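What TrEMBL says about this one:
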type: COMPBIAS; residues: 39-51; note: compositional bias 'Pro residues'
type: DOMAIN; residues: 55-159; note: domain 'DUF3048'
type: DOMAIN; residues: 221-318; note: domain 'DUF3048'
type: REGION; residues: 25-56; note: region 'Disordered'
type: SIGNAL; residues: 1-24; note: signal peptide
Amino acid sequence: MNRRRALGSTLAVALVATFGAGCAEEQPPGATNVVDPGSPAPRPTPTPSLPTAPLSGKPVAEEVAARQAVVVPVRVTPGTSPVGLAEADVVYQEFAESESLHLTAVYQSRDAGKVGPVAEIRPVDIRTVGVLRPFVGYAGGPTGFLNQFAVAELKGVTPAQREGAFPSGQASTAALRAAAPKGGVAPTPVLDHATPGAPLASQGVNPAGKLTVAAPGHPTQTWTYDAASASWRGRIGKVTVSVASVVVLTMEYRTLTVRKPSPRSLPGANVYGSGAALVVSGPSSAKAQWSKPGQKLVCNVTDEGGFQVRPQPGPAWVIYAPKTAKVSVT
């Protein structure tokens, strides 16, 4: 055997010995293991996108997105502790008599076990929610208002008609849904919600942290922005509510005369027409204009450039402010 072959044989034996001992001995610094990858890792299953609720703009299950809205009018005085407002997608507020508020609470994406105190039906309810095609739970009302409700082709029940839908004198949205006729449809969206990172308006957007609405004959209403929860908080009666946006629509109020069952006069917001608006959502505010031609048409809120104002998804509080009210934002 020549020297080259001997060296080759010796080197081969050394390599085999080294390879065989590799399982028992530590590898020298800098060595790299070659691992058989085996079967490829399974690809993650994509998360299916959920539809958004028509009124809140929040993702919900398909069956929830497609269901009918439920409406409950609520009467609030400074000493009242209303219940069920936190679950509403939209609440419309009218300044009523004797320092009270008449609220039109709309529920679609979430349910409330108790809503109250339940109020009588009023023209502001009928004219506001006609476009939503809801089922209404209400506490009766004057003859003229009930006639308007029937003419508007709205459906609903009172405690006298369906006591089970009003446990302990308060409304249950789930029970109202169970009482509604079959075939109810989802409501028309009333706000054009912002996508992530989108501004509140195309122009005229300003920083905002506090909103006040002072209507004659009523306590001043103050809303403050809470950055931690990205919500606006206001005092309604004796409770605090949190919403994603507050929309103030300035409009004319008229005196409504009731004759039956007992004569009285009530203030009423004229929700048809157009006027100035102010919207706060997130840490921003924007001046706007509102327009609602009729009962079955959406109230459009547009910015100074003529584009739809886009508040953040979530519950909204809409205030019908009389022209005599002072509205300010800082």
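Cβ atoms are placed via backbone N, Cα and C, with glycine included.
Curation plays no part in TrEMBL annotations; they are all automatic predictions.
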DSSP helix/strand/coil residue counts for the domain 'DUF3048' (221-318): 0 helix, 62 strand, 36 coil
Tally of DSSP helical, extended and coil residues in the domain 'DUF3048' (55-159): 26 helix, 31 strand, 48 coil
Taken over the domain 'DUF3048' (55-159), the model's mean pLDDT: 98
